[in-house]
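J.: Below you will find the structure I want to go over with you.
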Amino acid sequence: MTGQGQSAAGSAAWSAVFRHVRYENLVAGVSGGVLSNLALHPLDLVKIRFAVSDGLEVRPKYKGILHCLATIWKVDGLRGLYQGVTPNVWGAGLSWGLYFFFYNAIKSYKTEGRAEQLEPLEYLVSAAEAGAMTLCITNPLWVTKTRLMLQYGGVASPSQRQYKGMFDALVKIYKYEGVRGLYKGFVPGLFGTSHGALQFMAYELLKLKYNKHINRLPEAQLSTAEYISVAALSKIFAVAATYPYQVVRARLQDQHVSYGGVTDVITKTWRKEGIGGFYKGIAPNLIRVTPACCITFVVYENVSHFLYDLREKKVS
């Protein structure tokens, strides 16, 4: 097939995918992402602080989760615990909204005209594709979030509090580091789509298996408690498999240290800290992401079903 023919075939495939988009998925995903991140942002801050804790004198030393929270509260108060909340909420809301938006469109495209459910690998690939598309749009927000979270209160140099807020950070990163600065951590972020892919695959399969086990239709709506259980199990599975990339990504995005790239981060982390360095911050991360995932998925499922019901009532 010629390049022109391949391009036309690719365009036709994407057009077919976008025929399946439903804005209910976007709205429901944004709702879930925003609510969960507002509720649990301080734990995300702790996770980032621990992830980049590599022994440098420029950083405060924390003895544990509670000590970290107490130190931030003592130095900066409630505002300190919500450092970086604006890009985090924007990023999480947009990411979850786009993820559900793209994922459901891709999944609907692949199941069109099929009687049977997707295979596990098809769920995995669909979620990975949705994750890559989402990351291309949202990576600058994650860089900004990390930079804002790593402005330590009480440190000596004023330059370490160089950003006034999300938009100021976006402008300054672009001004001094260009587009490349806004896309720091993009490569490990792409590897990180495996996290979402594994989570969505596990989530879909657990829902299907559970409904089959209790003799319900495969796509039957679950109760809130059932959604929480399925979401928690799928999240724990995904975190256990993919956490090290988050440490690598956070260190690449850290303004206090300059690394030569992904390989340089991995080499230096392994040499100085061993395998434990790749799992720094996993405890506060699990404590945060498991309930955050449960909130996100419960809100998403209920809001999306509500909006779909509204659409059906309008049609009828």
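Every residue, even glycine, has its Cβ placed from backbone N, Cα and C.
Okay, these came from Swiss-Prot:
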REPEAT    20-109  repeat 'Solcar 1'
REPEAT    118-209  repeat 'Solcar 2'
REPEAT    222-306  repeat 'Solcar 3'
TRANSMEM  26-46  transmembrane segment
TRANSMEM  89-106  transmembrane segment
TRANSMEM  123-143  transmembrane segment
TRANSMEM  185-203  transmembrane segment
TRANSMEM  227-243  transmembrane segment
TRANSMEM  281-300  transmembrane segment
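Can you tell me where each of these features sits in the structure?
T.: Shown for the repeat 'Solcar 1' (20-109): DSSP residue counts in helix, strand and coil, namely 71 helix, 0 strand, 19 coil.
The repeat 'Solcar 2' (118-209): residue composition by secondary structure is 75 helix, 0 strand, 17 coil, according to DSSP.
Within the same chain, residues 87, 90-91, 94-95, 98-99, 102-103, 106-107, 110, 166, 170, 173, 181-186, 189-190, 192-194, 196-201, 204-205, 253 sit at least 6 positions outside the transmembrane segment (123-143) and bring their C-beta atoms closer than 8 Å to a C-beta of that stretch.
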J.: Do any residues, 6 or more residues outside the transmembrane segment (185-203), come within under 8 Å Cβ-to-Cβ of it, and if so which ones?
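T.: Result: 99, 103, 120, 123-128, 130-132, 135, 139, 142-143, 146, 230-231, 233-235, 237-239, 241-242, 245-246, 248-250, 252-253, 262, 293, 297.
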J.: Could you give the residue numbers and ranges of same-chain residues that sit at least 6 residues beyond the transmembrane segment (89-106) on either side and whose C-beta is under 8 angstroms from one of its C-beta atoms?
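T.: Residues 17-18, 20-23, 25-34, 36-38, 41, 126-127, 129-131, 133-134, 137-138, 141-142, 144-145, 166, 196, 200, 296, 300, 304.
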